[in-house]
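Visitor: Feature annotation from Swiss-Prot assigns transmembrane segment to 5-25, 44-64, 76-96, 142-162, 184-206, 222-242, 307-327, 330-350, 352-372; the stated evidence is sequence analysis.
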Amino acid sequence: MQKRIVSSLYFQVLLAITLGVILGHIYPDLGADMKPLGDGFVKLIKMIIAPVIFCTVVTGIAGMESMKAVGKTGAIALLYFEVVSTIALIIGLCVVNLLQPGAGMNVDPATLDASAISAYAEQAKAQGIIPFLLDVIPGSVIGAFASGNILQVLLFAVLFGFSLHHIGEKGKVIFNVIDSFSQVIFGIINMIMRLAPVGAFGAMAFTIGKYGIGSLVQLGQLIACFYMTCLLFIFLVLGSIARANGFSILRFISYIREELLIVLGTSSSESVLPRMLVKMEALGCKKSVVGLVIPTGYSFNLDGTSIYLTMAAIFIAQATNTPLDLFQQITLLVVLLISSKGAAGVTGSGFIVLAATISAVGHLPLAGLALILGIDRFMSEARALTNLIGNGVATLVVARYCDQLNEQQMHEALSNPPQVVKLDQH
């Protein structure tokens, strides 16, 4: 029993995170030097994400009996994403107005060092609904895979899957080749995931070493407010959605606990995308639903990022004594409904979207971003964890409404203690 616990990924990642915090606190410089370990692990995962999505989506769509089912799945998923993301934005707005974590700081925007956020501001200029939609279409198929753009790969995979389904028996050989290739890819993921504790250790040691636990105290009210709101959203909103669809949010969280720990260590929900594809299938969701909902959710269903965006924007207004009336806050909400869809599940993307939103709204001082630049990294964990849980719940809900969920299999998987899920495609 003790040997099984020690050898489990859950225990190893938890131990690695703890050691990372200790090293970063006691030896800050050495902790900051551990950054390549975390970056290297995330890059290894990113290396494999594009082929994983392609194989999963193509085999899922091509293997379906009816193409109408794919259209229905996509429509229900997008509707769900929009409704739940809007709820997340509204909850963030309500809590930050109620608790007012930035009130009383009386910061003069003119005294803030805006040079630190210049790089983010430049990236933010490229944000917008038209550029975002055009960016979904790759300049070339090879370019989509080379850049690792999830939505571009997803678009090509959907079209490829439709075409493969359309040619019927003629495409059987190609289908089998892609299916076999996916087994090789998931074998590679098995090898990479053994390095998860190393990646989590490096990322956590860097975070504590560079920013220090002391930096949490200065703006701790905003961090505490944000974490509390994320917990409120997970257990109240997602918990209610889960209960309405026949499962417990607590049991689901327990089911994906290894993935949650990896995300906690790396601050990137993208780092467990391949594992989530397999785990959601093992939970009873059809491959076609999982292949569409999970990757799409990484751009369109970022609940944690939505909460962060509203809270951070209003916090800046409160801290700099910038008055925002109800109409201006509603305008901010509408802009965020669009801009939040451009945030990918990687560390730092939420901050870029925040910069884009503040630039677009015009009511808030862009220099105010410097206030939260130092603590943004500490809030990225809660963002990523909330995003991951939200996408998992979304997959189960969409699968259920599309009659693509084996509910008996789901209840059995959630009732039993989480087992090690082998990453293959059998």
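Including glycine, each Cβ sits where the backbone N, Cα and C put it.
Note that the structure is a prediction, hence the values are computed from the model and not measured.
So that I understand the layout, could you describe where these features sit and how close they are to other parts?
Guide: When Cβ-Cβ distances below 8 Å are used as the criterion, the transmembrane segment (5-25) is approached by residues 31-32, 34, 193, 196-198, 200-210, 212-213, 257-258, 261-262, 264-265, 420 of the same chain, each at least six residues removed from its ends.
Residues 70, 144-145, 148, 150, 153-154, 156-158, 160-162, 164-165, 171, 175, 178-179, 181-182, 185-186, 188-189, 192, 195, 270-274, 277, 286-292, 295, 425 of the same chain, all 6+ positions outside the transmembrane segment (44-64), place their C-beta atoms under 8 angstroms from a C-beta of that stretch.
Long-range neighbours of the transmembrane segment (222-242) within the same chain, counting only residues 6 or more positions beyond its ends whose Cβ lies under 8 Å from a Cβ of the stretch, are 84, 87-88, 91-92, 95-96, 99, 101-102, 216, 248-249, 252-253, 303-304, 307-308, 311-312, 315, 372, 375, 378-379, 382-383, 385-386, 389-390, 393, 396-397.
Distant neighbours of the transmembrane segment (307-327): 88-93, 95-97, 100-103, 105-109, 222, 225-226, 229-230, 233, 333, 336, 339-340, 350, 353-354, 357-358, 361, 363-365, 368-369, 371-372, 379, 382-383, 386; these residues of the same chain sit at least 6 beyond its ends, with a Cβ under 8 Å from one of its Cβ atoms.
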Visitor: Taking residues 6+ outside the transmembrane segment (142-162), which of them lie with a CB under 8 Å of any CB in it?
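Guide: Same-chain contacts beyond the ends: 46-47, 49-51, 53-54, 57-62, 67, 70, 135-136, 291-292, 295-296, 298-299, 344.
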